Structures are given as C-alpha cells and as structure tokens.
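Heads up, the thing below is written out as structure tokens.
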Amino acid sequence: MSRKQAAKSRPGSGGRRAEAERKRDERAARRALAKERRNRPDPGGSGCEEEFVSFANQLQALGLKLREVPGDGNCLFRALGDQLEGHSRNHLKHRQETVDYMIRQREDFEPFVEDDIPFEKHVASLSKPGTFAGNDAIVAFARNHQLNVVIHQLNAPLWQIRGTDKGSTRELHIAYRYGEHYDSVRRINDNSEAPAHLLTDFQMLHQDGANKKEKMKTKGVDVKDGLRDDVEDAVHKVGSATGCTDFNLIVQNLEAENYNIKSAITALLQVNQGTGNDAEENHEPGDRVKQRGPSREEAGSGRRLSGNQGRNEGRMETSEARASPAEESKAHKSQLPKVTNKQRREQQRLEKKKRQEERHRLKALENRNGSRDTGRSEADMNTQVTLVKTFAALNI
C-alpha cells in the first residue's frame, strides 16, 4: 500500500484535509483583502478613506457596522454568505447555485442581459470565480433562497430586493461601496461567525399591525364603542368641573384642545368668565347710579333728620353712606384686568406646553399598546435592528 493510500485509509484524515482547505481559503481571502486595499483607487487623495469613515458613521447611527470581505471579484457572494451562514467560505457554492437558478428561470433574466452578449455566455462568465456579479445575481439569490436582500449605500435610501412576498421574511443586509464592492453589514457588537439576523423597521411595522389586528379580533374589541365611551367620559368630567350643560360647547372645546380635559376646562372657565364680565359691564353703570342715588339721599336725609331723630339712627345712615363708596371701589376693582399681557402670554405658553405634553403622552400610550408580543424570546429581540423606513424596491 502506498503512502497516499495509507493516508486516505487513516481515520480522521478527511477532517484534517477539510480543515487545511479552510485555513488555506482564509489565508487567500486575507491576502486578497490586503491586496485590494493596497490597489484600491484613491481619487482626490484620501477620498476612499473619507468614504469609508462616513459609511461607518452612517451605519453606527443605526447600531450597525461593516464586516469587510476581500475585493477579489467574489465579494457579493462572500457578503451574502456571511449574512446567510456566518462566514464567506462557501462563496463558490453560492455563486454556482445562483447561476443554476438563473438558467432555470431564463425567461425572467434573459431580457436584462446586455444586447450584445448572449445569455449562455453571460451565465457561463458569471459561473467563473472572480467574475463581478450585479443586480441580476442578487435577485436570483434572493428568489432562490426565498428571502429579501437589503442594500446599504452612503447617503442614499435603502434598496430592498424582494425574493418573496411572504410575511416575516428573513433579510440579508449588505453594503455597496466605491461603486464596485460589496461588504457584509452586522450589528455593531457582533463579532461572531453566526448567521446575521437583521430586520428593518419597515417589516416590523407590518408585523405589529398584523399582531394588533389579531389581538383586537380575539378580544372582540369594538374600537368605535371605546372611542365613544372616552368622549362621553371626557364631556362628563368637563361639565362637572365647569358647571357647563351645553354638550356641543363642551365637545367643541375638547376638539379644539385635542381632547385634553384640563385644557378644555380652562378654556371653558375663561369663556364663562368673559361672559360674566361682559354682563357686569352692561349692567354696572345703572347699578352704580342707583347705588349712588340712594346713598346720597340717605346721607342727606340723615343730616336733615338728625335733629328730629335719635343719634343712633343718624349714625346708622352715616355708616351706610360711608359703606357705599367701598362697595363701589370693590366692584370697580373686580372689572380691572386680572393679568397683564405678559402674564397672559406666559399662561398661553404654559397651556400650549401642557397640550403638547398630553399629545406626547397619548402617543406613548398608543405605542405601548401596540408593542410587540411579550412572548417573543429575548434572543429574537437581540437579533432585531431598527433601520430607516425609506425604501426603494428593485424587481426583475
């Protein structure tokens, strides 16, 4: 038996060979990445470095980071493999599977091949390692694996290439840089070789809406009845606090104050106070004349009859004559403006601030009521990342 045959027959030799191939592939990837960085075009001096820093800052704001892959022509399949499996060692397999899918679905992809290149030549070239792959390969990969691919670009909205219309679809996030290179996108603290599980806020909104509808169906909640009860309760509280019995007036004030009960009560009290002041102003001149006339007559009669009547009666009428100016002064003060313009503006500012706080509180309650199911495991929550909601869809 030769040495080669003996080596093949030894137990565990296949595992060592696979490990050696894996290490060789990793070394080749590192060398290719270093070479790509050295040979990367640098228009305008440090333009590429600035682009990388800007891209990193953009992703960091979303809680994400770049995981670079070698720019050896296999970068797209390396980045997709890192997202799908946690590493990029199977990029050749992903490339071949993508090409095979394009051949099977030729009628979908042939119209998008350049006119002067036959489809057979295009897929034959794409199947070779190191051939740059474009959007048609991303669409084929997404459809073949029944998932969505989200592409990040610097200072641009996200592109979502949908491989399926099913809900709760897995997403692979990659970055397109320098106009020719793809990298993998990971959570900012993810340094593992586990598959990436990123989910955009766009998809979370659809899931939350579906979950909320399902909850409402199961609980039998009638939204209209609930809103009607809330309005009636608010009207009752405002009416009890202000003494107002005009239902329409209360509802108008509630609507004007965005159903802020405290603000509506304040507004109604101000309206009632203004109405009362107007009534006092309309009736007060006549009342003052009436008060002044009898007071003077009583004072005069008190002086005229002081000799004929007892001293006590004179004192009583004199005291009444003295009391009427005090009452007149009190009534006059009650009609003076209670607050200055500055105080009124400050009061309006505080009321506006209260209304804004109430609106924020209502929004917070809505968000809390529409939160995700508490039954979702903590591991699943750790794999969620909230991203921007701006999307453009690329469909072939």
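Counting starts with 1 at the first residue shown.
A Cβ is built for glycine as well, from the same backbone N, Cα and C atoms used for every other residue.
Summarising the annotation, Swiss-Prot assigns region 'Disordered' to 1-49 (among others).
Sequence annotations record features per position, and here Swiss-Prot assigns compositional bias 'Basic and acidic residues' to 16-41 (among others).
The annotation domain 'OTU' is assigned in Swiss-Prot to 64-188.
Reduced to three states, the DSSP call for K65 (N6-acetyllysine) is strand. Sequence annotations record features per position, and here Swiss-Prot assigns N6-acetyllysine to K65 (among others).
According to Swiss-Prot, the region 'Cys-loop' annotation covers 69-75, on the basis of similarity to another entry.
Cβ neighbours within 10 Å of D72 (active site), excluding its own Cβ and spanning all shown chains: 17. The feature active site is assigned by Swiss-Prot to D72 (among others), with similarity to another entry given as support.
According to DSSP, C75 (active site, nucleophile) is assigned to a helical segment. The active site, nucleophile annotation in Swiss-Prot covers C75.
The N6-acetyllysine annotation in Swiss-Prot covers K121 (among others), and the record cites similarity to another entry as its basis. DSSP assigns K121 (N6-acetyllysine) to a helix. Note: K121 (N6-acetyllysine) has no non-local neighbours, i.e. no same-chain residues 6+ apart with C-beta under 8 A of its own C-beta.
Counting residues of the region 'Variable-loop' (126-136) by DSSP class, helix then strand then coil, yields 3 helix, 0 strand, 8 coil. Feature annotation from Swiss-Prot assigns region 'Variable-loop' to 126-136.
Per Swiss-Prot, N6-acetyllysine is recorded for K128 (among others). For K128 (N6-acetyllysine), no same-chain residue lying six or more positions away in sequence has a CB closer than 8 A to its CB.
Summarising the annotation, Swiss-Prot assigns region 'His-loop' to 176-181. Broken down with DSSP, the region 'His-loop' (176-181) shows 0 helix, 3 strand, 3 coil.
The Cβ of H181 (active site) has 18 neighbouring Cβ atoms from other residues within 10 Å, across all protein chains displayed. Among the features that Swiss-Prot reports, active site is placed at H181 (among others).
Here Swiss-Prot flags K219 (among others) as N6-acetyllysine.
Among residues of the same chain six or more beyond the domain 'UBA-like' (229-269), those with a C-beta under 8 A of the stretch's C-beta atoms are 351, 354-355, 358-359. Sequence annotations record features per position, and here Swiss-Prot assigns domain 'UBA-like' to 229-269.
As annotated by Swiss-Prot, region 'Disordered' applies to 275-381 (among others).
What Swiss-Prot lists as compositional bias 'Basic and acidic residues' is 280-301 (among others).
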Under 8 Å by Cβ from K65 (N6-acetyllysine), counting only residues of that chain that are 6 or more apart: A56, L59, V185, R186, R187, I188, D190
Cβ atoms near C75 (active site, nucleophile) (within 10 Å, other residues, all chains): 27
